[in-house]
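Among the features that TrEMBL reports, region 'Disordered' is placed at 1-49, 61-83, 110-154. Annotated compositional bias 'Basic and acidic residues' per TrEMBL: 1-42, in sequence order. The DNA-binding region feature in TrEMBL is assigned to 43-112. For 43-112, the entry in TrEMBL reads domain 'HMG box'. According to TrEMBL, the compositional bias 'Acidic residues' annotation covers 137-154.
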Amino acid sequence: MKRGKSKADAPKKADSKLSVKKGPERASKKPRKSKADKDPNKPKRPPSAFFVFMEEFRKSFKEKNPNNKSVSVVGKAGGDKWKSLSEAEKAPYVAKAAKFKTEYTKKIAAYNKNQSGGGSHAAGDEDESDKSKSEVNDDEDDEEGTEEEEEDDE
């Protein structure tokens, strides 16, 4: 009598496929990339018009509903209110957001300029230059150069 493959053989094959690879076989996989460390000196991104609106809305919502402790309820109510606003009603928030964005672009440009020029020591250089401005000035030539640079930055 000839028999076909038994059911006992099937799990062994499946087990070999599911086995965990160890040693040199695993080394062939690419190592995971870790996130780059965030620079604490980097300026924060500016809030959008919606988030500018939400700052004001949270205050008014808290006054109307002092017993509400749920963040999600405030967020949903704010989102619904934002959707119901007309373009004219959104305009002041859009203008504030645009103002924040222009300030951010200036700050990030200065930050990027410092990063390319001085590397990670840029923050230390700024502290030293501030100290030298406040100290008694022996060299008038050095002071004139820094005043001109300050006027250009403004």
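The first residue you see is number 1, and the count goes up from there.
Keep in mind that glycine also has a Cβ here, set from the backbone N, Cα and C atoms.
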Structural state census, the domain 'HMG box' (43-112) (DSSP three-state): 56 helix, 0 strand, 14 coil
Contact set, same chain, for the region 'Disordered' (61-83): CB under 8 Å, 6 or more residues outside the stretch: 50, 53-54, 90
Overall pLDDT of the DNA-binding region (43-112), taken as the mean: 94
